[in-house]
Amino acid sequence: MLNKIYDWVDERLDITPIWRDIADHEVPEHVNPAHHFSAFVYCFGGLTFFITVIQILSGMFLTMYYVPDVENAWKSVYYLQNEVAFGEIVRGMHHWGASLVIVMMFLHTLRVFFTGSYKKPRELNWMVGVGIFGVMIGLGFTGYLLPWDMKALFATKVGIEIAASVPFIGQMIKVLLAGDATIIGAQTLTRFFAIHVFFLPAVLFGLLAAHFIMIRRQGVSGPL
Amino acid sequence: MHRGKGMKFVGDSRIKANHRMPNVPKDYSEYPGKTEAFWPNFLLKEWMVGAVFLIGYLLLTVAHPSPLEGPADPTKPYTPLPDWYFLFIYQLLKYTYASGPYNVIGAIVMPGIAFMALLLMPFLDTTPERKPSKRPLPTAFMMLTLASMFYLTWESVVNHDWVAGKAQGAIVHEVEFDKESEGYQAYSASSCIGCHGGDLTGGAGPGLTNTGLTADEIKNIAINGSESGAMPAGLWQGTDEDLQKVAEFIESLKSE
């Protein structure tokens with residue numbers, strides 16, 4: 001049955017080469033923890049992607065209850081945390097995942113750095129990776145405000161002041177993020193919500209796609 | 001259309017690609033060492049690593065529920081702390097030549113240089129050597145950066161008052177009480193109200209609702225001061241009778 005469906009689609013779309021591009025390749029010995037235990041350092045990139053997928057899924061479920069508005073944001077998070085079935089688990093996974101993804105990405109960056117894997121011909125992939133690092137930091141910063149509790153508000157005030165101290169364009173960045181030249185309030189919350197769930201994920205998906213296409217094209221760097 | 005299955009489409013407008021590289025994977029014997037097929041052999045191993053990781057992740061989630069402080073209120077005093085991975089910048093901004101008039105150095109210039117150096121690493125370290133020991137400068141710079149990040153994070157953690165930090169944002173459950181009651185009258189006539197607030201939600205001192213203390217314990221604190229010493233001894237100036245009323249009143253302030 002499955003084979004018949006596959007053949008039906010393949011006859012029309014010729015999907016076998018796509019499948020080969022994605023999955024049909026050899027994994028060299030030096031990155032395989034089954035052969036060299038120390039090769040577990042090559043797992044950090046995959047684990048970063050694993051947590052990213054969990055963040056996307058848990059985030060999608062969180063938006064089913066979360067209300068991005070100053071009156072109800074905190075109440076909706078409180079309800080989610082204390083009343084919704086497994087709400088505490090879903091929010092907990094999103095909360096801890098946000099930290100773990102930074103840890104794993106940091107370790108992945110160090111592995112690539114200390115194995116010298118960013119050298120020719122992989123310069124572009126390294127730069128895209130640093131871009132992903134920046135986007136993740138941005139996701140962490142914007143997500144910190146969304147529960148709209150005391151630490152969220154006051155930490156974001158400091159963060160926006162730091163952004164405003166950028167020479168020449170600081171004030172523009174501040175107004176773009178906060179929605180107002182002086183007030184950190186209702187506008188800021190909706191903007192951070194939009195940035196956190198639409199803008200940055202869109203950039204992230206593009207960069208991740210580039211990252212993965214490049215690693216498939218170039219292959220993993222050879223043994224040291 | 002010569003590739004794949006030689007398909008023909010109705011109204012096909014695509015340009016024919018005759019010079020494409022053959023999309024056939026190399027034979028396994030062309031790879032040195034013990035290579036392994038990605039699908040499904042290697043992916044199964046990655047799956048197992050992911051499963052072990054997920055167990056740890058879920059244990060963390062269950063053991064430590066994510067924190068939620070009281071709702072944001074810009075009128076209340078609060079000293080914020082950033083998320084842990086920003087703590088090194090937070091600490092950097094406390095030093096003389098990275099704060100105040102030099103704020104731009106600590107907040108923009110130093111993180112900016114570090115980020116740009118990371119981004120442009122392939123063009124700063126252009127030797128073909130890959131072993132860390134054969135490119136001493138990049139290795140040394142990275143170790144130095146890691147050491148300073150670790151040191152700054154450590155410094156910010158040991159210099160932060162975690163107890164006070166936790167207390168300032170705690171969720172306050174409002175407790176309804178009668179402002180005409182004897183206990184509240186005695187409370188508002190005393191100096192207690194100066195620090196603990198007219199609604200007993202706190203000010204310079206902590207809030208007095210849901211303390212979980214008995215009347216005797218409250219009396220003890222009013223006379224002898226708090227255990228931490230934040231509230232000194234001898235602040236109660238009134239009569240013992242009023243103190244008893246105040247203590248019983250505070251003990252009764254519990255939300256359901």
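Just so it is clear, glycine is given a Cβ too, placed from its N, Cα and C backbone atoms.
As annotated by TrEMBL, domain 'Cytochrome b/b6 N-terminal region profile' applies to A:5-224.
If you look up TrEMBL, you'll see A:39-67 (among others) marked as transmembrane segment. Beyond the ends of the transmembrane segment (A:39-67), by six or more residues, the same chain brings 30-33, 73, 75-77, 79-80, 84, 87, 90-91, 93-94, 97-98, 100-101, 104-105, 107-108, 111, 146, 197, 201, 204, 208, 220 to within a C-beta distance below 8 angstroms of the stretch.
Within the chain, the transmembrane segment (A:96-114) has long-range Cβ neighbours (under 8 A, six or more residues past its boundaries) at 41-42, 44-45, 47-48, 51-52, 54-55, 58, 126, 129-130, 132-133, 136-137, 139-140, 143. Under the heading transmembrane segment, TrEMBL lists A:96-114 (among others).
If one looks beyond the transmembrane segment (A:126-146) by at least 6 residues along the same chain, the residues whose Cβ comes under 8 Å of a Cβ in the stretch are 66, 68, 73, 77, 98, 101-102, 105, 109, 112, 117-118, 152-153, 155-156, 159, 188-189, 192-193, 195-196, 200-201, 203-204, 207-208, 210-211, 214. Marked as transmembrane segment by TrEMBL: A:126-146 (among others).
Taken from TrEMBL, the feature transmembrane segment covers A:158-177 (among others). Sequence-distant neighbours of the transmembrane segment (A:158-177) (same chain, 6+ residues past either end, Cβ-Cβ under 8 Å): 141, 184, 188, 191-192, 195.
Remote same-chain partners of the transmembrane segment (A:189-214), defined as residues 6 or more beyond its termini with a Cβ less than 8 Å from a stretch Cβ, comprise 49, 52, 56, 59, 63, 68-70, 73, 122, 124-125, 128-129, 131-132, 135-136, 138-139, 142-143, 145-146, 148, 156, 176-179. The feature transmembrane segment is assigned by TrEMBL to A:189-214 (among others).
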